[in-house]
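Visitor: In case it helps, Swiss-Prot gives these features for our protein:
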- 113: active site, proton acceptor (ACT_SITE)
- 77, 94: Mg(2+) 2 binding site (BINDING)
- 94, 111, 112: Mg(2+) 1 binding site (BINDING)
């Protein structure tokens with residue numbers, strides 16, 4: 001997989017230019033999205049382009065999240081206090097990590113968008129709430145670009161579809177990353193849809209980290 005498009009707000013650019021912990025977070029996320037390969041015996045990511053909507057997207061997300069959890073110690077399903085305690089509505093952040101060096105703390109929340117455009121707007125708004133209320137210091141959304149999304153599950157949103165609304169994040173440290181396959185080939189196997197063909201694994205949930213302190 002490869003990163004093909006990015007939108008980085010000025011606030012995020014400033015943090016990236018001077019903050020080592022934010023740089024580390026950004027590099028870990030980019031490494032994770034570039035890590036998936038397909039087929040499994042390959043060294044690159046090639047997607048089957050036989051017809052529209054012929055591949056699944058969840059296995060791609062899980063390959064990315066496996067690296068974030070197992071190698072970089074990110075956690076899944078981090079609730080925002082503003083949603084859980086005050087508004088009592090809304091789901092947790094997909095993946096979250098606290099970067100600590102000496103007495104400095106940076107909290108990063110990320111969403112890997114596999115839903116439709118409405119889902120993407122919810123993800124963006126959720127992360128904006130986290131930034132506004134001081135619960136995270138950097139927000140990141142990963143999503144396929146339009147070319148790749150055409151061959152993924154029906155109605156999966158894409159970078160270009162959400163792009164007209166990126167300006168809503170200006171004034172906040174926010175990064176959007178659009179990824180693409182390295183090659184297209186009708187002869188490679190289809191990526192299973194949903195969780196089909198995926199081995200079950202135990203995910204690292206934030207609540208388990210908190211409860212085990």
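Don't overthink the numbers, they just go from 1 along the chain as shown.
Note: Cβ is positioned from N, Cα and C throughout, glycine not excepted.
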Visitor: Output, ordered by sequence, the same-chain residues six or more apart from residue 111 (Mg(2+) 1 binding site) with a CB under 8 Å from its CB, or 'none'.
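Guide: Once residues fewer than 6 apart are set aside, residue 111 (Mg(2+) 1 binding site) is near 93, 94, 95, 123, 124, 126, 127, 140, 141, 142.
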Visitor: What are the other residues, in sequence order, whose C-beta lies within 8 angstroms of the center of the C-beta atoms of 94, 111, 112 at the Mg(2+) 1 site?
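Guide: Apart from the listed residues, the neighbours are 61, 93, 95, 110, 113, 123, 141, 142.
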Visitor: Write down the Cα-Cα distance for the residue listed as 'active site, proton acceptor' and residue 77 (Mg(2+) 2 binding site), rounded and given in Å.
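Guide: Counting only the Cα atoms, the answer is 14 Å.
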Visitor: So which of the recorded positions is most packed in, judged by how many other Cβ atoms lie within 10 Å of its Cβ, out of 77, 113?
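Guide: Output for this query is 113.
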Visitor: Once the chains shown are all counted, how many other Cβ atoms turn up within 10 Å of the Cβ of residue 112 (Mg(2+) 1 binding site)?
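Guide: A 10 Å sphere around the Cβ of residue 112 (Mg(2+) 1 binding site) contains 25 other Cβ atoms.
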Visitor: Specify the count of other C-beta atoms within 10 Å of the C-beta of residue 94 (Mg(2+) 2 binding site).
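Guide: Step by step: centre on the Cβ of residue 94 (Mg(2+) 2 binding site), count other Cβ atoms within 10 Å, giving 24.
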Visitor: With H, G and I counted as helix, E and B as strand and the rest as coil, say where DSSP puts residue 94 (Mg(2+) 2 binding site).
Guide: strand
Visitor: I want to verify one value. Collapsing DSSP to three states, which class is the residue listed as 'active site, proton acceptor'?
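Guide: In three-state terms, the residue listed as 'active site, proton acceptor' counts as coil.
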